[in-house]
Amino acid sequence: MGLSQTLLFYVLVCVHLGVSQILRLRPSPSDHLPVPDLREDPDPEYDPREQDLAERTLRKKLGSNFDPNFMSISQPVLVNLSASDNHVKMLGPMPNEIKKLDLTETPYGKRVKVGKKARRKFLQWLWTYTHCPVVYTWKDLGVRFWPRYIKEGNCFSERSCSFPEGMSCKPVKSINKVFLRWYCQGFLRQKYCTWIQVQYPIISECKCSC
């Protein structure tokens, strides 16, 4: 599914009028990932209380949507990896369009002799140079999301992915992960708050593009 078809169940407006808070939720397609930070009403009256954060209850409410590979209840232990480490780790298998490149023919019809070893090294260099890995980092969504921490994807962007330079890595696919969102409506003293399920899109694939 393309990013333009991804539905972002995201809080779009958070208005505090005197003693009331209005939260509007609606599906909204987006080509801009990762998701920007949400502007929250800072009033702690709209935060979940300690009794609202019972792990057992929230796990049951989230059910099979809990994915420990992409979400964490407590602050994850961060491992510092260089961009080159991430790039090599996520290189993966060489795509067929590179494997099948014919290096013996030039655009002018003249054939060039290329040894097997030289061909293998050149294709590996080309794949490494043009590959666009998804680099994941942990993000704190705040106390009004559960689980609070999400492993968010970003496209590798430290250099151009084309030769000659000019193209860059851009997202082409995303996956949705379901989180719980603390949602309040009504007046401050008569407000009703509860956990609702929302979908949070995460970049899952990047490609070298103009």
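Using N, Cα and C of the backbone, Cβ positions are placed for all residues, glycine too.
TrEMBL entries are annotated by machine, without manual review.
Owing to the predicted nature of the structure, the values given are computational and were not obtained by experimental measurement.
Residues or ranges marked as disulfide bond in TrEMBL: Cys132-Cys169 (among others). Other Cβ atoms within 10 Å of the Cβ of Cys169 (disulfide bond) number 24 in total over all chains.
What TrEMBL records for Cys155-Cys206 (among others) is disulfide bond. If you draw a 10 Å sphere around the CB of Cys155 (disulfide bond), it holds 22 other CB atoms from the protein chains shown.
Its Cβ placed at the centre, Cys208 (disulfide bond) has 17 other Cβ atoms within 10 Å. Look at TrEMBL and you will find Cys161-Cys208 (among others) tagged as disulfide bond.
Taking all protein chains in view, 19 other C-beta atoms sit within 10 angstroms of the C-beta of Cys193 (disulfide bond). Residues or ranges marked as disulfide bond by TrEMBL: Cys184-Cys193 (among others).
Feature annotation from TrEMBL assigns signal peptide to 1-20.
Long-range Cβ contacts of Cys161 (disulfide bond) within its own chain (separation 6+, distance under 8 Å): Tyr129, Thr130, His131, Cys132, Met167, Ser168, Cys169, Cys208.
Taking a C-beta cut-off of under 8 angstroms and a sequence separation of 6 or more, Cys206 (disulfide bond) has the following same-chain neighbours: Cys132, Pro133, Val134, Cys155, Phe156, Cys169, Lys170, Pro171, Val172. A sphere of 10 angstroms centred on the C-beta of Cys184 (disulfide bond) encloses 21 other C-beta atoms. All protein chains considered, the CB of Cys132 (disulfide bond) has 22 other CB atoms within 10 Å.
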